[in-house]
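K.L.:
Could you have a look at this structure, given as structure tokens, before my questions?
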Amino acid sequence: MSGTNSITGRDAISGLVLAGGRGTRMGNVDKGLQPFGGATMAAQVAARLAPQVAAIAISANRNLDAYAGFGVPVWPDDTPGFPGPLAGLATGLRRCETDYLLSAPCDSPFLPADLAARLQRGLVEAGADAAVAVTEEDGRRRVHPVFCLAKRGLAPLVDAYLAEGGRRMDGWHARARVAEVLFEDGGAFRNINTLDELRALDHGASGKPRLDEVARCVDGYDPEALPVRDAQRIIGEFVAPVRAVEQVALRAALGRVLARDIVSPINVPAHDNSAMDGYALRGADLLPAAPLRLAVAGIAYAGRPFEGAVQPGQCVRIMTGAVMPAGCDSVVPQECVSVEEAAHGKNVLLAPGAIRAGDNRRLAGEDLAVGGVALAKGRVVRPSDLGLMASLGVAEVPVQRRLRVAFFSTGDELRSIGQALEEGCVYDSNRYTIYGMLQRLGCDVIDMGVVRDDPQALESALRDACENADAIITSGGVSVGAADYTRDIMARLGDVAFWKLAMRPGRPLAFGRIASNGRSAFLFGLPGNPVAVMVSFYFFARAALLRMMGADAPLPLLRARSLDTIRKKPGRTEFQRAVLARGADGQAEVRITGAQGSGILRSMSEANCMVVLHDEQGNVQAGEMVDVVVFEGLV
């Protein structure tokens, strides 16, 4: 079977993450999708393999849409009935397009960074058909057959073994030449078999401390009186980006977050060209102290270049954007010359010093050179970015998958639109507000409706949300109250802090991470008052969600002149609804909208901005400058 070895190097290898099992020892959950280290186990393994191979695919038999969100091919077993990892390897050998296939299990996120190179070297040196990893532990040699580099041509042999009923990952080794490659670090091949083991390892692997550890890094941390800046810092350090990439058509990329740098495949401009209408000439022909007469040899249009080379004493009529003729390195604007008829066409006359050599020429690659970064990872794609990528010939764009956010309101007093209002009940406005703000961020939203004030209903809703979303937003139930069971349930499900923030409106806030059935989600428990929901979302949840998307979230503060005297005591941050306009002198000025109660939703609709009065500020006099956050495009 060995024969002649194929070409070597990472370009000859495809990587396959084996995630097609039943997950029996984990309670039949899908192992590859279990959270680990700020991502999922399959994502961690794929990230370890990606730099070592030319392409990645995933072997999976469940939750295919979830795996498709990784942005790589997903290959279900061709053999039905969950026959084990060998069926995944067999399918991979049939489908891969490179000479070699490297397999690794989804529950081994610590695999060596040089796994592919060392297995390939061992295979080539032994003249083998495949190579597997081997470690020595306590004097005993242990083979790890799931870490296997195999030639694509082995597919018929492995298929035959499967057809005979064989299921062992190494059962076919006796029929081929398999090299064993020794690795010194046995821990690199450790696999995670149970949910308890996964949770125990997750803290150390993620590099992210527990929420209380992050909070203790804040000087004078007091959850009963936490400044806004400190809460924002804690949240920012605790959340982590969701690592899943998908390719979308260029037009569909608007508003999405770039998952990788967009690297230019061409020079922009592609050729030296003219920056204006005029005449292209040789800089060597310019005379420093005398007029210059040049014969016009032809004309160059954008898209129709001048054919031939320009000789000494000649020039070419040229239009903006046209390719510079061969031999020319300068352009004189048309308004700087006089044109005269000549026996064989036209001449142009330049005054002394009209231009210098090299003037008005745009160099190839001047805007962007081949290999240069046109747009950086983490950027939210704007309309101008679509145009830039189109100019580079980019048809598909790698973007972060949309963040999945589940949300619901709590309270027996809440009614949905269309229901009758009994005495003491109100329509649920918060869900529509939250829905709109999440849509503005480009999230995939999961509206879970109104959850009644009942411990079992709340826990069921939180678990359901956790198992289907990356983040959860609730409104109501985070303050201390007789029917507010949310605090106890949140704390029982995960790592959650309950804060009293030094701010107005929106003092209570719950934040953390909860887990259910091996999945986890970040949690934002917002207060129930309508205005407090919007303020808390914008100043805490929004930035965190953008970070989870892999995007930057700078706070767009403007400065404006206050038209009102505003009463405020130092020691807390206040957010006042206001209207921003341009004064008679052209300066930005802001007017408070009136009553600022946290339940007055109309005041938010009337406002177009929010005045931010910082923790240390006191009263503001009319005419003083204040910080302002503009609503448009944000909330």
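Glycine too: its Cβ is placed from the backbone N, Cα and C atoms.
Because TrEMBL annotations are produced automatically, they should be read as predictions rather than curated entries.
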K.L.:
Among D107, D114, D129, find me the residue TrEMBL lists at the same GTP site as L18, A19, G20, K31, D77.
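P.N.:
The one candidate that TrEMBL places in that GTP site: D107.
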K.L.:
Of 143-163, 521-541, which range does TrEMBL call transmembrane segment?
P.N.:
521-541
K.L.:
Which state, by DSSP, holds G20 (GTP binding site): helix, strand or coil?
P.N.:
coil
K.L.:
According to DSSP, how is the domain 'MoaB/Mog' (406-547) divided among helix, strand and coil residues?
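P.N.:
Helix, strand, coil within the domain 'MoaB/Mog' (406-547): 52 helix, 49 strand, 41 coil.
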K.L.:
With DSSP assignments reduced to helix, strand and coil, which class does K31 (GTP binding site) get?
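P.N.:
Assignment for K31 (GTP binding site) reads helix.
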K.L.:
Tell me, how many other CB atoms lie within 10 A of the CB of A19 (GTP binding site), whichever protein chain they belong to?
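P.N.:
Looking across every protein chain shown, the total is 28.
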K.L.:
Need one number: mean pLDDT over the domain 'MoaB/Mog' (406-547).
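P.N.:
A mean pLDDT of 87 is what the model gives the domain 'MoaB/Mog' (406-547).
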K.L.:
How many other Cβ atoms are found within 10 Å of the Cβ atom of D107 (GTP binding site), counting all protein chains shown?
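P.N.:
So the number of other Cβ atoms within 10 Å of D107 (GTP binding site) is 26.
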K.L.:
With GTP as the bound species and L18, A19, G20, K31, D77, D107 as its recorded binding residues, calculate the greatest Cα-Cα distance and give it in Å as a whole number.
P.N.:
18
K.L.:
Specify the secondary structure state of D77 (GTP binding site) as given by DSSP, simplified to three classes.
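P.N.:
Assignment for D77 (GTP binding site) reads coil.
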